[in-house]
Amino acid sequence: MSSLSGKVQTVLGLVEPGTLGRTLTHEHLTMTFDCCYYPPPPSHEAISKEPIIMKNLFWIQKNPYSHKENLQLNQETEAIKEELLDFKAKGGGALVENTTTGLSRDVRTLKWLAEETGVHIIAGAGFYVDATHSSETRAKSVEQLTDVLVNEILCGADGTSIKCGVIGEIGCSWPLTDSERKVLQATAHAQTQLGCPVIIHPGRNQSAPFQIIRVLQEAGGDISKTVMSHIDRTILDKKELLEFAQFGCYLEYDLFGTELFHYQFNPDIDMPNDNKRIKRVRLLVDEGYEDRILMAHDIHTKNRLTKYGGHGYSHILTNIVPKMLLRGITEGALDKILIENPKQWLTFK
């Protein structure tokens with residue numbers, strides 16, 4: 001049995017699972033997203049280079065990945081500290097920071113934010129999508145990648161003694177690449193060794209989550225300790241959603257606050273709004289999956305911070321929870337989704 005068994009590992013050390021409270025399971029507090037810059041059309045180049053100001057906020061909201069400054073969340077540490085203090089004041093207790101290698105992970109800043117705010121912060125080990133993999137990462141064997149993941153949890157990440165408490169978000173593209181497949185296999189092997197929680201970023205295709213689960217299963221992963229992120233932009237069909245739910249992984253609706261007319265990364269998808277997300281969560285609760293649901297905002301760009309007129313990290317607690325109660329989701333179910341399910345997932349076996 002691991003020395004981590006029965007505990008949750010935050011950037012400040014091990015804590016008892018019962019101390020977490022309401023938990024957002026998929027957020028970012030410091031990262032860069034240059035890897036996913038989406039060049040604007042020539043007619044929009046000028047506005048894409050302007051500072052973030054009131055008159056261009058609507059354009060940035062519709063084209064968040066075409067504005068380079070908007071992709072530098074790591075420049076907003078003080079603003080994010082204030083947002084975390086507000087999150088705590090609104091009843092929040094913990095947050096899983098999903099920034100991995102490839103997105104400028106900075107565990108030192110995460111530790112500082114945890115110390116300054118009193119919010120439990122759990123850091124993520126591992127690698128983002130193939131486009132961010134270095135030649136060194138691509139050259140590693142599954143066994144070597146496993147060692148990297150285990151080391152980031154047992155010893156520390158980014159050359160520090162600050163330890164990660166989950167593996168992920170592990171980035172997957174569609175179709176899955178050879179390098180991503182190796183990382184998934186290594187993730188399953190590390191999970192077997194450590195009994196740790198895992199969280200996956202699936203490719204933008206409804207078949208991607210199914211393929212990923214199969215790879216993890218074949219490599220010996222524990223699906224019951226695994227989160228499939230971004231369900232709200234990936235599995236839109238009700239029948240397919242209920243079919244996927246039978247695998248037993250956690251189903252994460254983590255784009256609350258994102259209401260896009262045009263989804264730049266996949267124009268074929270009509271991104272659901274928060275009302276539709278609430279309906280999907282209600283469906284899953286009614287179908288008996290309330291112990292498999294997680295929620296978050298996946299804030300990863302500046303425009304989603306309250307400093308820039310965005311919804312911020314307190315949106316779910318302030319706006320979504322009351323609306324869910326109006327739509328017939330009980331307080332008991334919400335406590336499961338926001339407190340009990342994250343606690344169970346984040347606790348090492």
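The backbone N, Cα and C atoms fix where each Cβ goes, and this holds for glycine too.
Source: prediction; values computed, not measured.
What Swiss-Prot records for this protein:
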- H26, H28, E169, D298: divalent metal cation 1 binding site (BINDING)
- E169, H201, H230: divalent metal cation 2 binding site (BINDING)
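Shown in sequence order, E27, V96, E97, N98, T99, H201, S229, D254, A296, I299, H300 are the same-chain residues outside H26, H28, E169, D298 whose Cβ sits within 8 Å of the Cβ centre of the divalent metal cation 1 site. Cβ neighbour count for H28 (divalent metal cation 1 binding site): 25 (other Cβ atoms within 10 Å of its Cβ, all protein chains included). Neighbours of the divalent metal cation 2 site: apart from E169, H201, H230, residues of the same chain with C-beta atoms within 8 angstroms of the site's C-beta centroid are H26, N98, G168, I170, G171, C172, I199, I200, P202, S229, D254, D298. Of all the binding-site residues listed here (E169, D298), it is D298 whose C-beta has the fewest other C-beta atoms within 10 angstroms.
Sequence-distant neighbours of H230 (divalent metal cation 2 binding site) (same chain, six or more apart, CB under 8 Å from its CB) are H201, P202, E252, D254, L255, D298, listed in sequence order. H26 (divalent metal cation 1 binding site) has a Cβ environment of 27 other Cβ atoms inside 10 Å.
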